[in-house]
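Student: As annotated by Swiss-Prot, region 'Domain I, interacts with DnaA modulators' applies to 1-85, with the evidence given as sequence analysis. Annotation source Swiss-Prot lists region 'Domain II' at 85-129, citing sequence analysis. What Swiss-Prot records for 93-125 is region 'Disordered'. Taken from Swiss-Prot, the feature compositional bias 'Polar residues' covers 93-108. The compositional bias 'Basic and acidic residues' annotation in Swiss-Prot covers 109-125. According to Swiss-Prot, the feature region 'Domain III, AAA+ region' maps to 130-346. Residues or ranges marked as ATP binding site by Swiss-Prot: Gly174, Gly176, Lys177, Thr178. Under the heading region 'Domain IV, binds dsDNA', Swiss-Prot lists 347-465, citing sequence analysis as support.
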Amino acid sequence: MSGFWESCLQRFEQELPAQQFNTWIKPLRLEGESTALEDGLRLIAPNGFILKWVRDRYLTRIEDYSRTFFEGPVTIALVIGSGKATAARIQATTTDSGQNAPANPATTSEKRTAASEKARGKGSNYEKSRLFPSFTFDNLVVGKANDLARAAAVQVANNPGGAYNPLFIYGGAGLGKTHLIHAIGNTIATENPEKIVRYVHAEDYYSDVVRAYQQKSFDSFKRTYRSLDVLLLDDVQFFNGKNRSQEEFFFLFNALIEARKQIIITCDTYPKDINGLDDRLVTRFDWGLTVQIEPPELEMRVAILKKKAEAEGIQLDDEVAFFIAKHLRSNVRELEGALKKVLAYSSFHGRVIALDLAKEALKDVIGSVRNVGMDNIQKTVADYYKIKVAELFSKKRTRAIARPRQVAMWLCREVTSHSFPEIGDAFGGRDHTTVIHAVKTIDSLRIKENELNHDLHVLLQVLKG
């Protein structure tokens, strides 16, 4: 029977993105490999959250594969690992390695000091770059939400001035745009120490323009910026209404591009949607490649929490990571804040980080997160698309009704913890396979259709208040 599970793992590893496979399938184990086949198979999940997720999304595929492998139907039971085993694992983690003990501030400080010393060793150009040495590609968690942006960023870092110039990265606050452009800068500075790389926030650029105007030092200002090999401009939306800054940046942009110097820009919205921005700049931002970073999906949120905890010298238990990730969905900054609160609570009270402690530490934070129900989602979607709520439950299949219905189902899956069957019941008693199809359809279309992706973004913001 171990041959079956090994084959099953290989198949899932080929079919699923690495993060989904590592989060949901890899932690499962087959119990009782010597048990007679007629007694069925028992798959052990490490906790209830993984069990529910696998049961809703993957169990049917496992059952289908078992029928093919064993050439007949096989009963598969999905259960949580015994409490004894779980307790032993937690005890071993806390007593043997100390990884789940309260954070040691000295450890984090030492890591940051080491990173700074390494950065200083890169030369005087790096000293003036204003880059954060701790933001690298190695410690950037990658998922569906940012995989395209990361791929483009790596291309630019490996071939500055040649690929995707300018690179325009947009997305909401706290999604990792700043981390990504610092990672580009750090890679270029490390591999090309002779290049002059500079990170500049849009407000700092504005301040430099004002200072040059007041001191009548525009020649020096222009020389400084035009000497750059790589310009990383963060939060360009702050140029709104700052006409002189926009004019100076327009000429700087032209000069750098003409000299085949690399420009990377971040913003909280798509270039054409930036308020108060000169049309000439909008046009030039479209010369290169524009990529979006979206809010992280559940697997990515879990991976981010574990990575951040690891950086603090903590091995975060799965149940704690899933609990935080399930309730806080907006952005990376929100996750980091919640994790810091849990670590501080653990340190202050001298308690091991476990699910009950996380619930205590975050009761105010999670209590303030708006509780969105499926009925609220249905009403919001119906209002947005100007249809009746009853039409979402109907048998109508016209595009004007079917697409909003699929969007509503996708939102129910994204925003609530309801299973596919529960969502199907809420939409006129539809089968769970209909919901699965709707979710997959929207996931696929949102990558290709900017208008649909915009609709989803707006609806999510409305629902999350």
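Cβ from N, Cα, C; glycine included.
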Student: Can you check which residue among the binding-site residues Gly174, Gly176 has the largest number of Cβ atoms within 10 Å of its own?
Tutor: Gly176
Student: Within the region 'Domain I, interacts with DnaA modulators' (1-85), what mean pLDDT does the predicted structure show?
Tutor: 77
Student: Cβ within 8 Å of the ATP site's Cβ centroid: which residues qualify beyond Gly174, Gly176, Lys177, Thr178?
Tutor: Gly171, Ala173, Leu175, His179, Leu180, Thr266, Ile293, Asn331, Val332, Arg333
Student: Since the record lists Lys177, Thr178 as binding-site residues, which of them has the fewest other Cβ atoms within 10 Å of its Cβ?
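Tutor: Looking at the binding-site residues Lys177, Thr178, the Cβ with the fewest others within 10 Å is that of Thr178.
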